[in-house]
Amino acid sequence: MSEVLFPAVRRRVVRPLARLFPSLRMSHARVLERTDHMTTTLEHPPVQHAQADIASGVLDIETGGKGRLRGRNLQPEPADPALSPALIRRHGLRRGDLVEGVCGDRRTLTDVVRVNGRTPDRRSRPHFADLTPLHPHERLRLEHPAAGLAGRVVDLLAPVGKGQRGLIVAPPKTGKTVLLQQFAAAVAGNHPEARLMVVLLDERPEEVTDMRRSVRGEVYSSTFDRSARQHIALAELVIERAKRLVEAGEDVVILLDSLTRLCRAHNNAASSGGRTLSGGVDAGALLGPKRFFGAARKAEEGGSLTILATALVETGSRADDFYFEELKSTGNMELRLSREPASRRVFPAVEPVGSGTRREELLLSGAETTALRGLRRALVARDGQSGLETLLERLRRTPDNATFLRQVQPTLPAG
């Protein structure tokens, strides 16, 4: 019965009172607080909370300090609610916060009710830059039925941990898009506690649709018909949103396709007056991509940000080669894809010898470390194509990696 009566109470009692706020000297937030108490008492879902007067979205702070609440794809829209610089300062809001507030005339927020799902409290919020980064030591398993053999191969050759900063080095037509979809399915299936974000930059619209339909997570896109500055703005807002979640102690996984295109966008948007490096790259073009990729970390205080980003190679562009050479040393995990197996329709087209993870022993048990090092030595002893095909064939015969390692360990070289 309460579910029927409460909207009527709001319509006939609460909203008329709202017109008296100035004379009563009572803020919107105070009335909403009382309204929330009524909602809880009547056991009504919070989603009914002041539907006509509440706006929510991810905060984007523009030049000059004014804020806007971005919607589903984090792209600017004319109807995005605005926040004044004073309101942002009063509540200590940061770019990337999920803000819920009272929306007055002209789509402008007059007060803030919740920040990231909680009551605003600027004093208890840590700053991302103050969190202590650690080597990843908690496993992010990609072995999952929805990931096929790809997840199992990565767990064996280049294990991923929470807070990993990984590059997927991909020549053209080596299956990187399908690989990202499989990774997304594995993360969603094995780690429902993690917030999954897929970021597609300078991509074809049909690829975006395919990704949205196949991924159980948040998919953000800026297609090839948008400007370089729009690509950059989306990437910056996504990474700021991820930082706010990590500050709250959450685990976030970002799959970016691609880091190379983000570098291209920064280079195209850079002023032509700067110093030019190899391949026509502006000297400051890599600062933005490095900030994005460098945000990945495991925080000692809790929370983590994992970024697996594709890097395009063998494209015929000197600039793309330069981007990769500059960025490859910043990661702590690398998965190399190869054209040779891909041309023979052997997938996942992983290059076993060139793939690996720094400090992988922190993610593995002692027995796993010994077994995987023996497996890598056995693969190095073969040529790349033969080693990969043998590995995939043996994996198909076993239900999981644990069984596979038990079966092959007696035959692996010691050392």
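One-based numbering along the chain as shown.
Cβ atoms are placed via backbone N, Cα and C, with glycine included.
What Swiss-Prot annotates here:
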DOMAIN    52-119  domain 'Rho RNA-BD'
BINDING   Gly161, Lys162, Gly163, Gln164, Arg165, Gly166, Lys173, Thr174, Gly175, Lys176, Thr177, Val178, Arg204  ATP binding site
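Look at the binding-site residues Gly163, Gly175 and count other Cβ atoms within 10 Å of each Cβ; Gly175 has the fewest. In the structure as shown, the Cβ atom of Arg165 (ATP binding site) sits within 10 Å of 21 other Cβ atoms.
Lys173 (ATP binding site) falls within neither a helix nor a strand when secondary structure is assigned with DSSP, and so counts as coil. The binding residues for ATP are recorded as Gly161, Lys162, Gly163, Gln164, Arg165, Gly166, Lys173, Thr174, Gly175, Lys176, Thr177, Val178, Arg204; their greatest pairwise CA distance is 30 Å. Looking at the domain 'Rho RNA-BD' (52-119) alone, the prediction's average pLDDT is 90.
Sequence-distant neighbours of Lys173 (ATP binding site): residues of the same chain at least 6 apart with a C-beta under 8 Å from its C-beta are Arg339, Ala342.
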